[in-house]
Amino acid sequence: QLHSSVTRIQVPMLGFNYSFAHMCILKDNKMCALDDIVYVLEELRAAWTVNGTGIVINYPNTYLKDGQEVFIGHQLGGVTLQNKNRVKSARAIQITYYLQTRNSLNDLVAEKWESAFCKTIENFQKSHKELKLYPFTSSSLKEDFQKSSQVSEWYLVTSLLVVWLLAMLCCSMQDCVRSKPWLGLLGLVTMALATLTSAGIINLMGGKYNSTFLGIPFIILGHGLYGMFEMLSSWRETMEDQHVKERIANVYADTMLPITLTTAMYMVTFGIGASPFTNIEAVKEFCVNTCISVLFNYLYLMAFYGSNLVFTGYLENNYQHSLFCRKVPKPDDLQAKPAWYRFIMMSKFSEEAASSNDTSPYESQFLLWFLKQYYCDWITNTYVKPFVVLFYLVYISFALMGYLQISEGLDLSNVVATESRTVSYSTVQQRYFSSYSPVIGFYIYEPIEYWNASVQEDLLEITGGFVRISWFETYLNYLKKLNVTPPVSRSYFLETLRNSFLKTPQYSQFSDDIILVRKVNSELEVVASRMYLVAKTAENTREEIYDLLETLRKLSLTYKVKFMIFNPSFIYMDRYASSVGAPLQNSCISALFVLFFSGFLVVNPLLNVWLSLTVASVEFGVAGFMSLWDVELDCISVLCLIYGINYTIDNCAPFLSTFVLGKDLTRTKWVKNALELHGVAILQSNFCYMVGIIPLSSVPSNLICTLFRCLFLIALFTFLHCFAILPVLLTFVPPSKKQAERKSPENHSEVECMEMVDLDGTRVVDHITSV
């Protein structure tokens, strides 16, 4: 009934109703090509109608009524056997309908027919609850791949709202003047502008959107958050009594070079991914879009966000409220106000200005205070270091265990929405129809002596162990039935093949598998032939097929009989196997190349050594733990690993630079200084990033879940390296800091500062230096 319903589907087009009979692939007898299981079911129904008994169905090879042997291993699943290979029952049937696509009209009609096919299956399912039907068409994968964007919209909005709230919170302080909550919002606006600009450019260039682009906003988020918080942290390190222009100049002097270098590293790594060295189009488009987004994010960060920092600096300099922009009353005037007003307008600005100049006015910021008072001393404590080293060894051990279990993600369901036809169909197919590999075409492309006994043994040896659909083996059995014993002459072998075997109705289907020509001397010759092989597989079907493919390929180059093998799925497997690691490999090589040659340009090449080791440690951990978290090495995870290189450099480079270039003090002291200078920015950016991507874990899409797991591991391990592993290792790993010679007391500068106060209360400092 289901088959009849499908064949009766009609699609109206240009005044004509197209049915399956108009669209199907035709055989030599001008009949539609159907799966052999359809003929088996028709014969089974006919037998029950005539005599009330069934027919014998064997598995995986069975015989039709006309004596033709057919393979039904891919069409009958969940089979229970009796008497060796006789089918007792089966739990699943797979029927495939093949449509023509000879021209654009055929394509359009076939597309509409597929839509009508899915609706017919759904309607049939409603009226037959006892069946479970899983339709799948040539456009299902594309539709389900794009479905990830639709199901993740609200989760992405939630994620961005969480990051927005956290960014505003991290930019705030108890002091209403120094607090800068608007910078958190404007920082996200900066990243949004960069993403929208790159999307517009890609659209103008004729690019097409796909669901892998969902990862680009989070790459920009990771790059922009650290730059934003690093610039804010650098602002808080400047002297409060300096003019805004001088303070912003110091901010750019401190942050512009490291942000520029890390942006250049993004451009190099993703630029290599967008180069001709990468032969996956989706990866190439992703890397092009990422390069454009990162470039504009850098430009907007330096221009737009920097301008906003100047604006908030003037608000601070004028004693204006950071949120409402109102002038903050002086302490005497504030006492007469209500409690709620005093709470909103609370500021220690005037009190701190009158206090000792040795104390920075921003040290009341909670995170900086916590780092200076507690964490720096605790992490560098002698009794804490052994536990951190032990933790690092455990980290490496688990990463190695996961790294040895990495598998390539050849399953297409890994990149589509969870509740989709592709996933449902793939799950059922893997459950019921994974007992046999895809049909492998075995092609002998040169004339050989098929009648020779030794050649026959060689062919049977190669194809032994496979389930075979072979004209050659069937023909040898045919000769045995004729009581023909080897050796057989060439003329008899070929003449009987052509005039008797291929003209028998039950063997006539083999005529397409043999190319017989008559030579000049009127002798027949088999120029080329083909057979079909199917391998018995276990649970790990994909890995077994790939290993089988490699084994047969090696054999085809060295064996006496020259042959080749082919299956349409091999194209995908070969392309994926050769390409999935290429972008990551090229990006790692380019990153190491840049780090190596930049070592000759920096003051201390030891910085590049530490940076390379840190990147390798983080990437190794991410690759290992993502395998333990059921993430395979597919297109998405490879792109995330490329991003992990840049994210690690983004966060670790300023910290390592401060430590390596520091002089005159011990290693422990410079570790503390590096944490105090950059620790707040690292902590704030990683905290906002990790908490912000948590909503992605609930998206019903395998692609987004893979994206979340990889990005979360990258941020987590980068944070652990910056706050635990590196601060401990740097305190005792050689080389040690050299004590610089003390400068003579004569060579010092005396700075006399004269403060001028304008009528409006704005303070301007003029420096007069005398030596």
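Backbone N, Cα and C atoms are what each Cβ position is placed from, and that goes for glycine too.
For the ranges 30-49, 610-629, the feature annotated in TrEMBL as transmembrane segment maps to 610-629. Looking only at the domain 'SSD' (152-311), the predicted model's pLDDT averages out at 87. The transmembrane segment (674-694) is not in contact with the transmembrane segment (610-629), judged by fewer than 3 CB-CB distances under 8 Å for residue pairs 6 or more apart in sequence. Proximity of the transmembrane segment (294-315) to the transmembrane segment (610-629) is not established, fewer than 3 Cβ-Cβ distances being under 8 Å for residue pairs spaced 6 or more apart. The recorded stretches the transmembrane segment (250-274) and the transmembrane segment (641-662) share 3+ CB pairs below 8 A when only pairs 6 or more apart in sequence are counted, and are therefore in contact. With a cut-off of 8 Å on Cβ pairs spaced 6 or more residues apart, the transmembrane segment (706-733) and the transmembrane segment (183-205) reach fewer than 3 such pairs and are scored as not touching.
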